[in-house]
Every structure is written in C-alpha cells, then in structure tokens.
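S.K.: This is the structure I have questions about; it appears just below.
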Amino acid sequence: MIFKVWFSYEDEEVELSELTNDTTVSAIRKILHEGKIFRFPYGTSQTDLQIGKMLPSGSGGGATADSKFEKFKARNTLADIQYKVGDTLYVRVKKSKPTNDSLLPTLNIAFLDGSERAIKWEYDPYTTTAQWTCTATLVKVEPVPFAEGAFRKAYHTLDLSKSGASGRYVSKIGKKPTPRPSYFEDVKMQMIAKKWADKYNSFKPPKKIEFLQSCVLEFVDRTSSDLICGAEPYVEGQYRKYNNNSGFVSNDERNTPQSFSHFTYEHSNHQLLIIDIQGVGDHYTDPQIHTYDGVGFGIGNLGQKGFEKFLDTHKCNAICQYLNLQSINPKSEKSDCGTVPRPDLIFPDTSERDNNNNNNNNNNNNNNNNNNNSNNNNNNNSSISKSLVEISSGSKERNDRDSPSRQLFVSNDGNTLNTNKERSKSKSIDLEKPEILINNKKKESINLETIKLIETIKGYHVTSHLCICDNLLFTGCSDNSIRVYDYKSQNMECVQTLKGHEGPVESICYNDQYLFSGSSDHSIKVWDLKKLRCIFTLEGHDKPVHTVLLNDKYLFSGSSDKTIKVWDLKTLECKYTLESHARAVKTLCISGQYLFSGSNDKTIKVWDLKTFRCNYTLKGHTKWVTTICILGTNLYSGSYDKTIRVWNLKSLECSATLRGHDRWVEHMVICDKLLFTASDDNTIKIWDLETLRCNTTLEGHNATVQCLAVWEDKKCVISCSHDQSIRVWGWN
C-alpha cells in the first residue's frame, strides 16, 4: 500500500508521497536530509535527525508546548510504529553536547578576514548504505586561481576548521555554469575510486595508491556566481596525467595507474572500469568510471564503448602480471609497458567522447595544415606545404594553371569523372611527381644518412600540433595556449604565448593575414597574424574541433559532431555544413576542387567544392583514419589500424598498403618524395615514395609522436610528443 505522510519541523509542514508500510525511519531521514525538505541548521547531518511523535501531557488531544517527543528507532518501519494515514510525524534535530568553554582555543579575529561560510558535503562509500553527510565550516578561498584546465579553475583554499597543513585545500570551480549534481557526481566517483584503491592496495602491489578525500563545498553567503565547487586536499608536487587523452607524461610511474585500471575491470567481473587517472605521484584525483550498462557517473560514462577503447589500447605490464590479472591485448616484447589511451577519451562527448577532457588533448589531423596557404608568398618556399599542392590564397588563375590535383577527377575526354560509373580496376602506382614547386629554384634532396637529433625542447604541457609560418613555429598545447617559437642560430626560442581558448588547441592553419586555431572548447579563434592577438571567435560546432584547413575562399573545420563546416573568409559566417560521416571528422586535405575528409568511421570521403556534396567514399581501413595528405595523383592515409594506405585518385582504388609501425599512425607529412610518419610506437619512419619502403626510423621520443612539420629552409623536421617534448631533427 502506497500512501502520503505529513511531517512537521518547527513551524513548517510538508507531505511526502509514495511511502509504504515497509519504509524505515532511516530511509525517511535520508529523504528529508538529501532533499533539503526543511531548513535545518547548518552542519546538520543525516544522523542528527530524529523522527517521532508527540505524546500529549494532559488529557486534551494534539501536540502542545508541554507535549513529550517520543523518538522512533532508525530501523523501525511505518508498520512497526503503527502509522495511520492522516497522522503527522514530527522531526527534531539532535542537540549537540555542551562544551567546556575553557577548553576552546582563543579565536584570532584577524585570521577570519576574507573567510566565508560553507557547507561541506562528504560521501562515504564504505557504509552499506553509502550516504552523504554535511557539516558547517569556515573557508578562505584565494580570489585568483593558481592553475586551470580545459573546464575548471583551481584556487588555493583554507579550511579554517582544521589546523596546519591539513587545512590546505584546492577548490575546483567550473569555467562555465555547471549543474549542481555534476559536482556531487564527481566527488562520488572519486570516493568510489578511493574504495577500489584500498582493495587494490590489499593485494600488495609494488606501489600503493590513494585517491584524495574529496568533498563538495556550497558557499552560504554568495548570491551571484560560483555558489558551489569541488574541493580536495592540496598536495605539493608536479601534477601529471597518466591515463587520458594527452597520453603519458612520464614513463616513470605509468605502470601503476594502468594496472589499477586493469584491476578494477577484472575484479568487478567486467562491470566497472576506472580510467582517467591523474594526480601528484601516487595521490590520484578526478577519475572517470565506466559501467557495463552505461548508467550513472555523468556524461563521461561511455559504457561498453569505454570498455572497448580500454581493451583496444591497454598493454599489460609487470604489475598486471604480478597481480595475476588476465592478459589483455598481448603485444610483442618490443612494446613498452603501459597504456596509451585513445586521444579522444578526455573530451566530454556523450556519443563518442571524441574530446575532452580535454582535457583533456588527439590532434591527428595536423598534416592538413602543413598543406595550407602555399600561394601566399610566391618567392618563399619555407614551408613543406608550399612545395606540395596549390590549395591556398593565391589567384584562381594560378591555381587552375599550376595545381595538378585539378586533373584528379578529369577523364580522358576532359569531362568531370562520374564516380558512379564503372571505374578502372588498375592497381598500378603513379609516383611521378608533377612540377608544382612555388618557384623554379631547384630543391636540394634530403640525405637520410645525415639526419640526427639536434635539439630538444622540454615543457610542462603536451604539444599536440605544429604549424610553420615563415620563420615562426606555432604549437598547439594541452594547456589551452598557442606557443610561438622563433628559430634563431639553430636554437628554438619561445617568443610569445597566445591565450584565449578554454580547451586544448588541436589544429592551426594560416593565410597571409590571419591565424586560425581549432580547440576542444568547440570554437575556432581568428588571430591577427601581425599583432598576434585574437580578433574573432567562430562558434557553431557542438563538440571539439579537431582540424582546420584553408583555401582561397573558405575555412573548413572538422569536429566530433560528425560535421565539416565551411566558413566564408570574407564574412566569417558559416555558409555550409557538410554531413555524411558517421563519427568524428579528424583530418582534412584539399586538392583542387576536391576536399578529402578522414574520420573515426574508418572512411575517407571526397567532396566536390562546387556542389559541396560527397561524391565518393574510400573504404579500406579497419580503424579510425587519423591523417591524410596528397602528392600528385596519390592520396596517403594513416590509421589506427597501424597501416598507411596509398590511393590512386584516377581509379579511386587502394594501390598499396605500407606496414611497419607497431602502433597507431598519428600524422604524416611529405617532402622530397619522402613520407614522414609519426606513430604511437614512439617512432618516426621515413618512407621512399618510389620504392614504398621504409628507409629510416628515428627514435628518441618516450611516448606517442603526435605531429610532424618539415622546415625545408632550416633543413629539419620537427616532432612533438606526449612525452612533453618538441624535437628538432636536422640533415646536411
């Protein structure tokens, strides 16, 4: 039987519905406390609440001031107390025990300057009925953040109810308005992870781990913004991300967090997975929980998709073996220990999580930007893109005359090829390179025997994109900035840092006036190339922007929202939205009147820029297509299936498949009939496009090589990696 019950607290009365005879007093206390039904004193916990009835002192009926309160036991049900529909139950708050004032410390009033009242909500995962409790406290939050990520800012905070170092906290406040339940969900996840860490430690691994005791702070006296935040103890040291979209920051401590994720998967009977491990040393924070059914734990819970991504990328290490965990995705002995997760795990994408995060870092499309804007400076051949394909802001006549790619879809009779007709089945490889150099100056060939590492630039944040513009190198970083380097006297010097994005910068391109940057914050920023300042922001994508690309009329952008947007360079308005891909668009490339797009749906689509329609789809890769580039009548595509495919653009057939990398192919660039490929196996391979053989392998990075750029004037190739370094490889 379901019925309603009236409850009275002081001068307030409320009605709770859908209660039954089996409802316990403990359950009612939880409803009243968590639902904030009454305005209880600050600091009132669930166990402080008492439910009972009033026993009249005299012969008259009803409750009076002299009535006696009779408390029910927590385990009593409504049937036990013989509740009758229509009766009123009374709520009281247990009085605290009197204190001896002589034992209280002297209050330093000056210490309270700048302090504010707050309610601290804590979640206890260890009780059989895991529950929230709250206490009143006094805190002092610094007005200026000391650090920030893609979605939150971090503030030094003092909990004045604690003494010494134990009162030092970090408050994390969202940059944008965040629903109140999200903060509670994050704390709940971290405390559940803390419980799993204790179970992991009980198996006596080489290193014990700890998830910080987190809480939710609700500020009592604030009325405008930032009414709530997450908080956790402050830990001194360097903050690192071990297990997210930015890859590994360090090889020193990566085995432990990866084995912990594996441990949670196996010991939950494949029903739960704790991922996104990060923190200081072995003190972890901000995890994400995936569940098999995808229920609970916020939009970051990818369910079985999250499991699949982990299973596809995890490489068991010595600790996994020590803990007798079942082997996942066995690799060769040459494989490094640890896990290199898919780049798009950090991003907040409910359908694919193609980025954040953010935090989250996945910029596999970067080769396209090396092919941009080659016609801006006819006398300058400094960028590798300027020696490949005429795709940018030069005159239409020059594009028509010089660009060989305008003939890619032209039949022998001069008419546009109808891709629906029967195509040639020829598998021949056309490697003859047309004369498409910007000037007539003869290029010097690259002597592979002389290539060596000449400089290493180390930084705190991961660099995920490189773009060369004249004498400057622009780098997109995971700390939401663009760093500008000048190459002087064989040394790279950071001369400026551009800030404005609220998420990692994933792609950059430029023309003679502007620099364009795409970010996981879903926006594209337009920067004045001379003054290096942001002058406009393009908004339209619903999810992270992974790739941006230019021609003389339009800016093209690909996103996790599965679309390609076409922006008019004169008005900076979105003119077209191209929809055909089934998953995130990761890479773009232009040749003549055709746009090529690679996607996580494993395909490459060919778009006619006259009609803005998809003419054809190239299929062959078995996993995500991460990078594409064009030379002559061949298109080259790299994929997470570890291969590079060569497509003949006359027959639209795959003419060859290059194998050699042990892990994903992240990025490619072409220079002097050589194909440079960056991979998740930490190496750079150089392929001869005449023989289609790998001639050289460059080793030196300690983690995924994310992006490459060739600087021909400087006779070097530049690489950036998840190991937080930029390396310069030069030749004679």
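Quick reminder: no glycine exception, Cβ is built from N, Cα and C everywhere.
According to Swiss-Prot, the protein has these features:
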type	residues	note
BINDING	GLY298, ILE299, GLY300, ASN301, LEU302, GLY303	ATP binding site
COMPBIAS	356-394	compositional bias 'Low complexity'
COMPBIAS	395-404	compositional bias 'Basic and acidic residues'
COMPBIAS	405-419	compositional bias 'Polar residues'
DOMAIN	124-328	domain 'Alpha-type protein kinase'
REPEAT	458-486	repeat 'WD 1'
REPEAT	500-528	repeat 'WD 2'
REPEAT	540-568	repeat 'WD 3'
REPEAT	580-608	repeat 'WD 4'
REPEAT	620-648	repeat 'WD 5'
REPEAT	660-688	repeat 'WD 6'
REPEAT	700-730	repeat 'WD 7'
S.K.: Give me the long-range Cβ neighbours of ASN301 (ATP binding site): same chain, 6+ apart, Cβ under 8 Å, in sequence order.
M.R.: GLN288, ILE289, HIS290, THR291, GLY294, VAL295
S.K.: Do you know which of the binding-site residues GLY298, GLY300, GLY303 has the most other C-beta atoms within 10 angstroms of its C-beta?
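M.R.: Compared across GLY298, GLY300, GLY303, the most Cβ atoms within 10 Å surround GLY300.
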S.K.: Taking all residues of the repeat 'WD 6' (660-688) together, what is their mean pLDDT?
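M.R.: Averaged over the repeat 'WD 6' (660-688), per-residue pLDDT gives 93.
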S.K.: Around LEU302 (ATP binding site), how many other C-beta atoms are within 10 angstroms of its C-beta?
M.R.: 24
S.K.: Take the repeat 'WD 6' (660-688) and count its residues per DSSP category (helix H/G/I, strand E/B, coil), listing them in that order.
M.R.: 0 helix, 19 strand, 10 coil
S.K.: As a test: from 458-486, 540-568, 620-648, 700-730, pick the stretch that has the greatest number of Cβ pairs under 8 Å with the repeat 'WD 6' (660-688).
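M.R.: Per the Cβ under 8 Å count, 700-730.
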S.K.: What is the number of residues in the repeat 'WD 5' (620-648) that are helix, strand and coil, as DSSP sees it?
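M.R.: Taking the repeat 'WD 5' (620-648) as a whole: 0 helix, 19 strand, 10 coil.
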S.K.: Return the count of C-beta atoms lying within 10 angstroms of the C-beta of ILE299 (ATP binding site), excluding that atom itself.
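M.R.: Looking across every protein chain shown, the total is 12.
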